[in-house]
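The feature disulfide bond is assigned by TrEMBL to 56-61, 96-131, 361-364. For 152, 154, 165, 219, 222, 254, the entry in TrEMBL reads FAD binding site. Annotated active site, nucleophile per TrEMBL: 361, in sequence order. The feature active site is assigned by TrEMBL to 364.
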């Protein structure tokens, strides 16, 4: 797997080196920080598209929610939109929660906080989201420690998993002139979640840039998830002690040029393309976090400062990479047509985020929802460049806002892509050793 990627001027070798020596070690450390390791998710939302066919009963599908006592006080006490110490002042929170509507906010709140609450409410009602967001106030929404619930092969497979990806590709991908569909829900499946032997393969002709990009994003996400499963596979279990590790045979089945009829390398190239898209989003959103008003608040001042310093260091690295994807080439036609296509793009992706509630394995659903929300957040950033550039330095944002959930999803989703590329390098070594 070498050479320049389609639709951008970047080669795979440059991405490998940049990820291995700059990004991967830092993003791993950042994901271990308290602010980024706790993710609030509702795993009980019903599937909106078909009757539930039951949840996976395999023990590795289970997600262990985090006890309330383990959640840092600054995270569990605050609204999802609040990220600074000032916004999480406990007295202000109590006053806000007692108010039934914005007009009833207690007069003891500062003008800055009032402005923040109004702006957050206004933004929540906007139509700029690319994802269907969980209601964090729902009693079914729970915090999960991502470090204690790692993404790996669970054994979830068969018709239920097939139906999810079939719905994503067949009903929510843009249609080209030709489609190759080897998927069969009745065929023997040896993989885990999102584990079809092949996916719908679009011809390179018949799709405009925007629709090619959309397909590549979904294919890249699919490839990344499959890589995680291959790299963290249940190899054996003796006396109740499982051993997880890389499965070269499974990796070959999913990505080998011959076994996939030439499509494996293209899937991996789409993974690199997705990496570039999210890398670009990180570089674009840097000004949002560089402001002093953003502290990544958990209640631990020392850790908060270290977390922000590490995040800003990663932003500096993303800006130093000179072969970014140029999103300005998208939706650049006549205004009416571009606006319509952008809205179609957004609605297709939002529908895909809703399909994640149809995944029968809780652990697979958790990571599917998180990575989808992370990509949706990246798209939201790329389409909000003007709003980000005009952010005020010392007051709440107007026109652009990220919730804590979006921030956590953005960082962890990119961390998963960084891990995928690193694991791909490991598989290259393992394959050479087996020859």
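Just so you know, glycine gets a Cβ as well, placed from its N, Cα and C.
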Nearest of the recorded positions (152, 165, 222, 254, 364) to residue 61 (disulfide bond), judged by Cα-Cα distance: 364
Spatial separation of residue 131 (disulfide bond) from residue 364 (disulfide bond) - C-alpha basis, Å: 17
Residue 165 (FAD binding site) and residue 131 (disulfide bond), Cα-Cα, nearest whole angstrom: 17
Residue 152 (FAD binding site) CB neighbourhood, other CB atoms within 10 A: 21
Fewest Cβ neighbours within 10 Å, where candidates are the disulfide-bonded residues 61, 131, 361, 364: 61
Among 154, 219 [binding-site residues], residue with fewest other Cβ within 10 Å: 154
Whole-number Å value of the largest CA-CA distance among 152, 154, 165, 219, 222, 254, listed as FAD-binding: 21
Pairwise CA distance, residue 222 (FAD binding site) versus residue 361 (disulfide bond), rounded so that it is a whole Å: 16
